[in-house]
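Trainee: Once you've had a glance at the structure underneath, I'll fire off some questions.
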């Protein structure tokens, strides 16, 4: 019956979740009306009880045909110490110790590499493949640019490829809370032993949280020294460069700078578009390419905001049963409401085209192929479609052109802007700024 329980649970979970959280999960005992499970440590036990308790209960009821009680036990510290000290026993593999849950999506495979993060990505991958080679690694950059993704990716890689290596991933807030808790319970030595003697890799996120907290900085300093002197890998993430960590002990800042310091920059529009594509793919969502471009143009400053925008559109599609078009995306994401103003946005666009390019509305709507007229018309179509959210049919009607002509024109301008034609890009931006009140194309 043990194997049936395991297989039934496994079939209800995706592979990443199973490997991340159920790697040490096993059936210890089956009674007449209860089942006892065992996992590797307390944190995993608490996480499984909280997140998957109802699923476990439902699975047991299905298999036994009646309600079953269950409890999850974890290997005690004493048991682990006994196993470690018993030389006659076969070697017991030490699974990575994950204090804060790893997001199963945040792997190297799912990280989109661009010019802004190439060095950071390559360094983190090298650290994962060869722990201790670049030590310490200090990764910094603005909020929502992928630091945590890379940090957790290291954890996932080690969990998969180095099962004997003891890895701790946690936030600096968690590190502080653990210390405070150990002080309250008079177990500071246990805390120190855990972080200095029982791990091989420390992955510490959001170290800027410790700014101004002298006591915990001192503890981190000594922990850092112990790990470093033993050749154990340390990776630290922050939203700022080590030198910008105000109210941080100088000796600790100097430790951060001993190894490799690398920064993640803001992604360019092309990388943002690829990120939006990857996120949509991971969510199994179908969104038009122009919608993904809209999101990448307007949320490139913070990838968490970008994902939030994407999820909002996906949820709308799921709840309403309707496919989101470009104009609906503008509305749902509240991007520059001014061009959804009821006071004839078409008229505002046409007037702006005439004013900026020095042509008349009659020329724009005519069959004239004069270079200056054709260019003004084409840029007007592009802005109407990509910046104002008009449908292709609406753009075709407005400029008195066929649907295929409009589609071809927009594709042609897209190719020109992607190839780096700054003249065209600046003209598009000027018109877009005039009709929307903001510059949406940040790459200009």
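Cβ coordinates come from backbone N, Cα and C, glycine included.
Values in this document were obtained by computation on a predicted structure and should not be read as measured data.
Per Swiss-Prot, region 'Domain I, interacts with DnaA modulators' is recorded for 1-66, and the stated evidence type is sequence analysis. The region 'Domain II' annotation in Swiss-Prot covers 66-100 and rests on sequence analysis. Positions annotated as region 'Domain III, AAA+ region' by Swiss-Prot: 101-317. The annotation ATP binding site is assigned in Swiss-Prot to 144, 146, 147, 148. According to Swiss-Prot, the region 'Domain IV, binds dsDNA' annotation covers 318-444, on the basis of sequence analysis.
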Trainee: Could you tell me the mean pLDDT the prediction assigns to the region 'Domain II' (66-100)?
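Mentor: 53, rounded to a whole number.
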Trainee: Once the DSSP letters are reduced so that anything not helix or strand counts as coil, what is residue 144 (ATP binding site)?
Mentor: coil
Trainee: Residue counts in helix (H, G, I), strand (E, B) and coil for the region 'Domain IV, binds dsDNA' (318-444), per DSSP?
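Mentor: Tallying H, G and I as helix, E and B as strand, the rest coil: 87 helix, 0 strand, 40 coil.
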Trainee: Using Cβ-Cβ distances, find the residues under 8 Å from residue 146 (ATP binding site) that belong to the same chain and are at least 6 apart in sequence, listing them in sequence order.
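Mentor: Spatial neighbours, sequence-distant, of residue 146 (ATP binding site): 111, 117, 120, 264, 303.
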Trainee: Please count the residues of the region 'Domain I, interacts with DnaA modulators' (1-66) that DSSP assigns to helix (H, G, I), strand (E, B) and coil.
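Mentor: Secondary-structure composition of the region 'Domain I, interacts with DnaA modulators' (1-66): 40 helix, 11 strand, 15 coil.
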Trainee: Among 144, 147, 148, the binding-site residues in question, whose Cβ has the most other Cβ atoms within 10 Å in this structure?
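Mentor: Counting Cβ neighbours within 10 Å, the top one is 147.
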Trainee: For the recorded ATP site, enumerate neighbouring residues of the same chain (Cβ within 8 Å of the Cβ centroid of 144, 146, 147, 148, site residues themselves excluded), in sequence order.
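Mentor: These residues sit around the ATP site: 141, 143, 145, 149, 150, 237, 264, 303, 304.
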